[in-house]
Amino acid sequence: MFVQEEKIFAGKVLRLQVCTMEGAEWLEEVPEDTTVEKLKERCLKHCVPGSLEDPKTVTHHKLIHATSEKVLTDSKTVLEENIQDRDVLLLIKKRAPPPLPKMADVSAEEKRKQEQKAPDKDAILKATANLPSRNVDRTVAQHNMRDFQTELRKILVSLIEVAQKLLALNPDAVELFKKANAMLDEDEEDRVDEIALRQLTEMGFPESRAVKALRLNHMSVTQAMEWLIEHADDPAVDAPLPGQTPSEAAAEAGASSAEATAGPSSEAGGEEAKDELTEIFKKIRRKREFRPDPRAVIALMEMGFDEKEVVDALRVNNNQQNAACEWLLGDRKPSPEDLDKGIDTNSPLFQAILENPVVQLGLTNPKTLLAFEDMLENPLNSTQWMNDPETGPVMLQISRIFQTLNRT
């Protein structure tokens, strides 16, 4: 019996089920070495007779493996595409690409976009060059619009002075602020993040240095580690943090004697208590003195700015490096000296704040004064005090009064 040579060496024959989107189904028997393109031609010849007269018909269709949802590559064989016997294939016509727009259409679209584009400053000035100027004072009115966060600092400075005077009249003020001062001491000296401290000591740093580094860097392990490495050879690295000065110690020592000897009817005792309260106020403010972000200081100094200028910029901009850089490159306003200036006490805004009953009651609360001091040096803590049941109503009234007067 005569057998064709290609039949002898032919590969395994697979029976494949082919489907179309129109619902036609049939079986195709193909050797496993058949290319996907040849299989596609056979499928098109079966379902669309005469379609192969157009050579583009094959390229406009694709075969998809139904199980894996994979589009088969024309140049690969059935074996290379890992098609098995009895697999189902889907013959689909490819989506025609959108026609390219004509040049006239492109020009019309660009012209339409240009017509709808908002005019820039130069175009406005050119179009209005021949018009008479009117309402030129509007620029001044707009310039006088005040930002709440900018004015809040001035308001707080002035309110702190008022609160200090009111609290100085309270015979229990010294005792109240001694307790508040002790709370600040506890926060600074006793509350050290144990986990952060353990991480640094496990790296080999002495505990005393690790504690100092954490306090200087707001309990940030990364910044504390950088500080320890940078100051490893510093002879003053083991020096204690600035604490009580001799005058402060004497003031506290005098406090106990003043409590024992001074009474409400003693004028001399009242003066001593007032001086002691002033010292406590100064001590509280010193404890909240500004500490610049060391990484921001280094980054800005590398740009060529002087260290003092960098510290001033960070203080004015609440340790925000980008804002500090803009301040250094700009007109440098507000100046660091402006931060300690209060609002005009005769202004309608400040008078309206002082006349508010909620504010008046809050100014007699030592916690309000501590909140004002904290927000003065740490503006990011404003949200915390806004949510506090004692200080929140005071801050809310200040905000409402400011917004009301700022709109008039």
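Here the Cβ of each residue, glycine as well, is placed from N, Cα and C on the backbone.
The model shown is predicted, which means the values in this text are computed figures rather than measured ones.
Among the features that Swiss-Prot reports, compositional bias 'Basic and acidic residues' is placed at 108-119.
What Swiss-Prot records for 245-268 is compositional bias 'Low complexity'.
Mapped onto DSSP classes, the domain 'Ubiquitin-like' (14-98) shows 19 helix, 29 strand, 37 coil. Look at Swiss-Prot and you will find 14-98 tagged as domain 'Ubiquitin-like', backed by sequence analysis.
Annotation source Swiss-Prot lists domain 'UBA 1' at 185-231.
Here Swiss-Prot flags 291-331 as domain 'UBA 2', drawing on sequence analysis. Here the domain 'UBA 2' (291-331) returns a mean pLDDT of 86 for the predicted model.
Look at Swiss-Prot and you will find 356-395 tagged as domain 'STI1'. For the domain 'STI1' (356-395), the DSSP-based tally of helix, strand and coil residues reads 30 helix, 0 strand, 10 coil.
Marked as region 'Disordered' by Swiss-Prot: 100-119 (among others).
Annotation comment: Swiss-Prot describes 235-275 (among others) as region 'Disordered'.
Across the domain 'UBA 2' (291-331), DSSP helix (H, G, I), strand (E, B) and coil residues number 27 helix, 0 strand, 14 coil.
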